[in-house]
Structure formats: structure tokens, C-alpha cells
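Chemist: Please read through the structure below; I'll follow up with questions.
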């Protein structure tokens, strides 16, 4: 690990009489070995050593030595402090105050990180909580290293910075001088000051330090906290427009849906180039497909079918209950366009197709009768002003109103057709009025929209099972309109 971080580094060593001279020398050799891995200079790392007991003594301060040569010369000459006869205490808290006031505040630099390495083998006799917290609050990183067999683990963990996995350590005196322990301390200090110093992000990921932690920004194709997980070239899916990705080593192939092409399926095929619409139909390209706008009298995907009928008494019964009142503008527009699309397919005038419209809820409103309008433009204007009375859903009453107000006055000699549209379940009976309509040779198509209609009820209303149409979402209504047109054009009428 490369670590050239500049810092003010302070060692706190136990100098009480319980520390053997041999162990004190080990402490000095550990300090000597550790400072060698950092760049000690006037502009680089500064080092201080404070020995604590009942009182504390600054063996050398941060502004005393500015080279490894001077430190290497000075450290071996430091003797274990003379033991006072009555000295029985080790006051780490008192030592920390000395470091705060007489080391960092007097000789520390404001623009470099500050680090304390506390070497302790017995519990401190004074309070360490408040002063250690105050020092940490000033941004100082505290490493707590327990030596020997009587380590005060709880106290050391209270003193140290967090996380403990980085700042708290324990070792034997005999192991302090080893290269492994020195390397461990070096890496921990480097991680504390620059968590990106170990280049933790794999596969050329970019490391962003965040305090004691880091975040990896991974290159495409890799993920995980350290970019250690190799992703499939198909994740995320590079294929547009529903294309399926097939991995091939570090690359991929896109299997495009019909209507799309190019490497990532991003290009729409213009199906209109092949002129698919027959009988002078107008082709409009759509994403992944196309639509043929058929001339009057023709229908089918490619306008390939001829409509056998153009003369109807064509009625619409539309749900106007409370649920319809809450539709958003887009859904309400789709609802009205269903009626307009069906009507637009036929020749509307007095002698051809006549159109009527009833809206129902708990009330029924005859919007217009068969003889009210004889042009599509007038009918469309009336549909645009269509409102929903809200309240309950009484489909049976609506069917009865269609029977009496529309088909009771329809012109004879042409098929009678009814398109019923609902998004809910009726509160009244639909079977009897549906039977009355069939008795009048009215073919009824039943359309259920949304989630809350009952298919069984639609089957009661419709003349036969194939006359039931369902659109679970309003966006499917244009397709439903095409199915209705085909059924009206080519289906068998009751009077035939």
C-alpha cells in the first residue's frame, strides 16, 4: 500500500513502574519501525512521543525532529522514566489533556490530519471519556493499542475512534516489533486518513473517500461495493424496444422484436415502404408496426376485407355512472373515440346508417335519436358534449330506454344493432330487457372496459358469446373498435 499522507503523529507510551525496561525498549523500537514508513520532514509528517504515568512527560514534541535520521538517533537514547516511589497510578486522561493543550494546540498544524497512537497495558486510573471525546470531536484520529496480558479492552474501545475494526488493536509486546504488526498499523493509519489509499476498488473502479469510508464508482460491466462483481453484458439490457439480449463472452447480440432493427434494436422498420395496405388504404408507420386507415367499406389489418353492410340502425348505450365521472381526460377521450371510430366507418345519412345514443346511470338520458343527425360531423359534435350524470349503474334501465326511445322508432328494412359499453356491474336486472331487444331483432354487442365489469353480465346482454368484447385498459379501445366494425360488417343479423 502506498501512503504518503502528511500528518501530526503522537505516540502515548506507558512509563509506569509496572512496565519492564525490556518492554519499554520494544515500544521504542515499534515507534522507530513505524515512523520509517512515513515521510518525516519539515513539510511532511511530524512526530511526538509522550510518556504517561501519574504525571506525563513530553519526550519530544512535534517541532523537535524533522527527519528520520534525527528520530532514529533520538529514539534509542530515550530511557524509561525514573519511577517515583509512591507512583501507583497511570492517568491516561491527564496525558490526553496534555497532548491536546501542549502538543496539538501549541505545535500542531491546522492544515494536516492529526493522529494519536495510545499504547496501554493496564486500565487508566482517571476518567478518559470526556477528554477522548473532545479530542475526537476536534478531528483527531485515536488508535488504541492494548499491550500485554491485562488489557483494559472496554476502556480502550471507549477511547478509540470508530469503527473499532480499524482503530482498536491488541498485541503482545514481543509482537510489536514484527513486520506484520507494523504493516497492519501502517495500513490502518493510511485507511483512516485516506480510505482510498489501498486502491480498494477493483477493475479500475474510481474510489471516492467519505470520511473513514469510501465509495466505488464502477466501470460498465462491474458492480458491488468494491466493483468485484462482473456483470453480464446483458445487464442492464442494452437492447431497445423489447429486444432480447443474448450474451456472448464479454459481448452480446440483440434479437429484435418484429418491426425493429439495428445493433441495439433502436431503429424502427418502416413497414409502409412495402405498401401493405390494400384497396387504397392509407398506411401510417407506428413503432414496431403500422396501421392501415381503410377507405369506407373496407376493413381488416390491410384493408383486405369488404364490408357487406352499410345500412344500419346503429345505437350506442354508454355507461355514465360515477366511475365514468372520475376518468382522466385521456381515458374519457378514448371512450368517446370508440364511438366516433365505429361511426366513421359507415356512410351516415338519412337513407343509409342512422345513429342514436343513450347515456345511463341511475337515470337515462337519450342524447340523440336515429332521426336527430344525418352527418358524421354533427354526430361527433354531439359526442364531444357528452357528459356523465354519475350516480349508480342501472344497465337494465338503459337497455329498456334504448328499446323504447330508439328502436321503437327505427326505420324498418335494415339491421338493428346496439353497442353497449360499461365499466361496472349493473344494480338492476339486465336479462329481461336484453331478451326484449332480441325479440325486436336487435343484435347487441357488449363491451366491458377496465377492471370492474362482470363478464357473466356481458354474456347476458350480448346476443351471442362472440358478441362480447373486453378492454382491460382504456388504451385497448381503438383495437376494440376495429373488432366491433368487423363484427357489424360481416356478422349474421337476427332478421337475416
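Cβ coordinates come from backbone N, Cα and C, glycine included.
Feature list, courtesy of TrEMBL:
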type: DOMAIN; residues: 8-189; note: domain 'VWFA'
type: DOMAIN; residues: 192-228; note: domain 'EGF-like'
type: DISULFID; residues: 218-227; note: disulfide bond
type: DOMAIN; residues: 230-266; note: domain 'EGF-like'
type: DISULFID; residues: 256-265; note: disulfide bond
type: DOMAIN; residues: 268-304; note: domain 'EGF-like'
type: DISULFID; residues: 294-303; note: disulfide bond
type: DOMAIN; residues: 313-484; note: domain 'VWFA'
Chemist: Do any residues, 6 or more residues outside the domain 'EGF-like' (268-304), come within under 8 Å Cβ-to-Cβ of it, and if so which ones?
Modeler: 241-242, 257-261, 310, 345-347, 482, 485-486, 489
Chemist: Cα distance, residue 256 (disulfide bond) to residue 303 (disulfide bond), nearest Å?
Modeler: 27
Chemist: Need the DSSP three-state call for residue 265 (disulfide bond) to compare against my parser.
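Modeler: Where residue 265 (disulfide bond) sits, the three-state DSSP reduction gives coil.
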Chemist: I'd like to know the mean pLDDT over the domain 'EGF-like' (230-266).
Modeler: 92
Chemist: Which whole-number value in Å describes the distance between the Cα atoms of residue 227 (disulfide bond) and residue 265 (disulfide bond)?
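Modeler: A Cα-Cα distance of 29 Å.
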Chemist: Tell me which residues of the chain lie with their Cβ under 8 angstroms from that of residue 265 (disulfide bond), as long as they are six or more apart in sequence?
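Modeler: In sequence order, 239, 240, 241, 242, 243, 254, 256, 257 meet the Cβ cut-off.
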Chemist: Reduce the DSSP letter at residue 227 (disulfide bond) to three states and note it down.
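Modeler: Looking at the DSSP assignment, residue 227 (disulfide bond) belongs to neither helix nor strand, so coil.
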Chemist: Which residues does residue 294 (disulfide bond) neighbour through Cβ under 8 Å, counting only same-chain ones at least six apart?
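Modeler: The answer is 277, 279, 281, 300, 303, 345.
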Chemist: Within 10 angstroms of the C-beta of residue 256 (disulfide bond), what count of other C-beta atoms is obtained when all protein chains are considered?
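Modeler: Here the count is 21.
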Chemist: With every protein chain in view, what's the tally of Cβ atoms within 10 Å of the Cβ of residue 303 (disulfide bond), excluding that atom itself?
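Modeler: I get 21 for this one.
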